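The coiled coil annotation in Swiss-Prot covers 1-251. Positions annotated as compositional bias 'Low complexity' by Swiss-Prot: 321-335. The compositional bias 'Polar residues' annotation in Swiss-Prot covers 349-368, 447-458, 473-486. Annotation source Swiss-Prot lists domain 'SH3' at 375-438. The feature phosphoserine is assigned by Swiss-Prot to SER262, SER324, SER326, SER337, SER347, SER367, SER385, SER396, SER455. Annotation comment: Swiss-Prot describes THR341, THR361 as phosphothreonine.
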Amino acid sequence: MSLSRSEEMHRLTENVYKTIMEQFNPSLRNFIAMGKNYEKALAGVTFAAKGYFDALVKMGELASESQGSKELGDVLFQMAEVHRQIQNQLEEMLKAFHNELLTQLEQKVELDSRYLSAALKKYQTEQRSKGDALDKCQAELKKLRKKSQGSKNPQKYSDKELQYIDAISNKQGELENYVSDGYKTALTEERRRFCFLVEKQCAVAKNSAAYHSKGKELLAQKLPLWQQACADPNKIPDRAAQLMQQMANSNGSILPSALSASKSNLVISDPIPGAKPLPVPPELAPFVGRMSAQENVPVMNGVAGADSEDYNPWADRKAAQPKSLSPPQSQSKLSDSYSNTLPVRKSVTPKNSYATTENKTLPRSSSMAAGLERNGRMRVKAIFSHAAGDNSTLLSFKEGDLITLLVPEARDGWHYGESEKTKMRGWFPFSYTRVLDSDGSDRLHMSLQQGKSSSTGNLLDKDDLALPPPDYGTSSRAFPSQTAGTFKQRPYSVAVPAFSQGLDDYGARSVSRNPFANVHLKPTVTNDRSAPLLS
């Protein structure tokens, strides 16, 4: 190898070391900084995922409390658990990314800057030393030859000249070998650093592959079952169906009629969730359980009995209407008129019905028949104002407004009708209105059936009648004195007098269609929900 070739290789060696120190290490530091940002972002995703799946578990708890969606709650729990395992795998990948890549690279780059500086300095010092030794031998040989040329006996310097030539040849070989080895060492150092980076990145990729493989395995195993669970939203679980069947077959209970309001299968949703029925009053307790499914008929206000799932109360009242009244409107037309305004459907809990003794003793109330117009619908008069607010399914009206009912019976104290003044339709509290007689006068709305009342307590008393304070409402009004005395607040529901009193009145006035038409209420004063004080 010539001297010029050795010098060129020496420059290449120095360039390799300088490239590592001036380009590779700064780029590696930038890579580590970007990796830390990536790690921070993944940590944020992990934290957000925990909150997300905690919320999913909460939704599963809500579903598990429902009789109709219990298995969907189990599915949500499984989803949360599967994704929790996937998230744990992601956290393991994040730990490996931090420990096996970022930490080790950061340690290497700090040590490497000092190591490379020392290695380059050592190489340059050794190369300079060998080069200086070679230059010294060459200078000595040059002096010797100059002496030999001026001497009278040149043969005297020939042996020594040969020794210098051999020494120069050896030192030049050593320098060339050292430069060659130095270049090889520099390339090896550079390659080792890139190999270390690739090796650590492979470890991260391996953990990432394990993460995705684990997620795929868990999801592929569970996903078909989850999709099957939600394939039919209209299917009622067997457990809920058996429960309804047991309640239907048990003594003193009725078949749930929430799925059908008429022969046209008109579905009417519950407008207000959480409304609870009144307990069975003591006067009616002896009659509960003696139900005859063949003779169950509506008692009052169009409320159907136990076997009335396909019963049409409007059609059944044809005999009670005057001959001048036209046939009632078909349920299919009613469905078209207000089906789009009904609230979201909720399942209705089956409620107890009363025995047929009441049905045989007490005929159906004529209050609803009296309130029917010529179009076959019942009319009521508002005794309090009602504001719907932002709820588009509710009906707003003022005191004194007339409302035409569009459905045959109330739902948990709420009725659906159309205001004759504003022509708007919606749900409204039935206790805010009175049924109109055929002559246009209004009468107090009363209901004997416990299952259709919206009151929150047992307001029936053997001897007294009291109206509770309103459950909601800010303004106070005086209740009409001709019916229930003077009150300062709105009633939420209206109770009826003693059942035994109704039997006596009916026995004395068998010609009347309504045994409670002439019942006079005793004025009372009460400040809370306890028993009223007679004035």
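The backbone N, Cα and C atoms fix where each Cβ goes, glycine too.
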Completion exercise
Students should find that the Cα atoms of SER385 (phosphoserine) and SER396 (phosphoserine) sit apart, in Å rounded to an integer, by 8
Exercise for the section: Sort the residues of the domain 'SH3' (375-438) into helix, strand and coil with DSSP and give the three counts. Expected result: 3 helix, 28 strand, 33 coil
Completion exercise
Over the domain 'SH3' (375-438) the mean pLDDT stands at 88
